[in-house]
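Undergrad: Okay, so Swiss-Prot annotates it like this:
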- Asp248: active site, proton acceptor (ACT_SITE)
- Gly86, Gly88, Arg89, Lys109, Asp121, Gly122, Arg172, Arg179, Asp258: ATP binding site (BINDING)
- Asn249, Asp258: Mg(2+) binding site (BINDING)
Amino acid sequence: MTLSFTARWRDELPATYTALLPTPLKNARLIWYNDKLAQQLAIPASLFDATNGAGVWGGETLLPGMSPVAQVYSGHQFGVWAGQLGDGRGILLGEQLLADGSTLDWHLKGAGLTPYSRMGDGRAVLRSTIRESLASEAMHYLGIPTTRALSIVASDTPVQRETQETGAMLMRLAQSHMRFGHFEHFYYRREPEKVQQLADFAIRHYWPQWQDVPEKYALWFEEVAARTGRLIAEWQTVGFSHGVMNTDNMSILGLTIDYGPFGFFDDYDPGFIGNHSDHQGRYRFDNQPSVALWNLQRLAQTLTPFIEIDALNRALDRYQDALLTHYGQRMRQKLGFFTEQKDDNALLNELFSLMAREGSDYTRTFRMLSHTEQQSASSPLRDTFIDRAAFDAWFDRYRARLRTEAVDDALRQQQMQRVNPAIVLRNWLAQRAIDAAEQGDMAELHRLHEVLRQPFTDRDDDYASRPPEWGKRLEVSCSS
């Protein structure tokens, strides 16, 4: 099968991009590619042949039909209007046409200078490229909407960050890279007709059922808000902190995008700050739901020229409804509840309070809870708590709640083990793979990618363990 590409963004949205070619790296070489995703997309294996050099994965060649552009957008960063931003080191190479008629963006990150690089060098480093590849694939296999990673190219190009590192490129795939910041850019340039063109593009290609409906814009924004609510609910249930929820890092399609200073919980800490540059804690874990709403309000403002205020407010209410409904459903599943009862939130919050006091490991606690037998007063989870009396009191109430369900242990445990992962991408696991890769050893990178494809499978090795001392509270920042 021949790959087919189109250039809808370039053809339909003039003045939203600059056309340019990638700038290859020195001695670029393919070090990893996503074999399963490549098979699903019918990408010929020959494209990954190392004897052909870095090829399209390193920006050295283009495939027929590709028409590369760097997109322009703006945004609020840490709550402050930052003005024009844009693809400062990424280039949208083209949009792959799939068999069902949909498309998939091929976006090369680290592809060199663009008109939107500002003070940057247009490069990505191996460290951050590996982190994004691991995070996006981990999220996908957890069932959370996300961009995908197709390939990583390493090089000998020196890149200066906090220390000198080496340049790399990531091929990132997504149904769309349309961001809240695209709309903000033209709204603040006082070009409302271009804001409406962006909305028309989104509806035409991603919500075509509404193209001829009079209230199409209001329906579309409601769905954007609902998708955002469901996404944030998913983050909160797995203990994921994005780290830099600027409006330019928010996807119109409700995808997790732009993995930078992210982190998954080790110990349960609702005030967890993944980004050591976030000195005020704006993007701490427990702030994510309110920040997403704030970001949606910024997007809503850009839509006021063609959506009534009442309709915008209804859509923002839809965000809250979607967030709370989806979060409640997911947390009941994590606890093994098939029905909703009035005291469920209190029971969950009591567990969270106990975990916070004890510094309990978030992922391991819920995974161990998945093995609970309602007739047994003992649990291996008990041994992880210092205050056994407090745990016993909670566990008795929990087992009593389980007995109100007409579900046997086997079925309940099966459900719980489908939503409570044994494996998440802890920062120390990513760092171990990065350290090895920077020394030229890619084995751990490949191994970790394989492990992350089965997050709901119990393991007895260190991929499911708490972090070693050196891996606790690793600091990550935006310097990618």
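Cβ coordinates are placed from backbone N, Cα and C, and glycine is handled just like the others.
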Undergrad: If you skip the near sequence neighbours and keep only those at least six away, which residues in the chain come within under 8 angstroms of Gly86 (ATP binding site), Cβ to Cβ?
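TA: Those within reach of Gly86 (ATP binding site), by Cβ under 8 Å and sequence separation of 6 or more, are Ala70, Gln71, Val72, Tyr73, Ser74, Thr114, Pro115, Tyr116.
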Undergrad: Cα-Cα separation of Asp258 (ATP binding site) and Asn249 (Mg(2+) binding site), in Å?
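TA: Rounded to the nearest whole number, the Cα-Cα distance is 6 Å.
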Undergrad: Does anything in the same chain, at least 6 positions from Asn249 (Mg(2+) binding site), have a Cβ under 8 Å from its Cβ, and if so what?
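TA: For Asn249 (Mg(2+) binding site), the qualifying residues are Gly75, Arg179, His242, Ile257, Asp258.
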Undergrad: Check the Cα-Cα distances from the residue listed as 'active site, proton acceptor' to the binding-site residues Arg89, Asp121, Arg172 and tell me which is shortest.
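TA: Going through Arg89, Asp121, Arg172 one by one, the Cα closest to that of the residue listed as 'active site, proton acceptor' is Arg89.
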Undergrad: The record lists Gly86, Gly88, Arg89, Lys109, Asp121, Gly122, Arg172, Arg179, Asp258 as binding ATP. What's the largest Cα to Cα distance among them, in Å, rounded to a whole number?
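TA: Maximum Cα-Cα distance: 22 Å.
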Undergrad: Please identify, from the recorded positions Asp121, Asp248, Asp258, the residue with the sparsest Cβ neighbourhood, meaning fewest other Cβ atoms within 10 angstroms.
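TA: Comparing Cβ neighbour counts within 10 Å for the recorded positions Asp121, Asp248, Asp258 gives Asp121.
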Undergrad: With every protein chain in view, what's the tally of Cβ atoms within 10 Å of the Cβ of Arg172 (ATP binding site), excluding that atom itself?
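TA: Other Cβ atoms found within 10 Å: 25.
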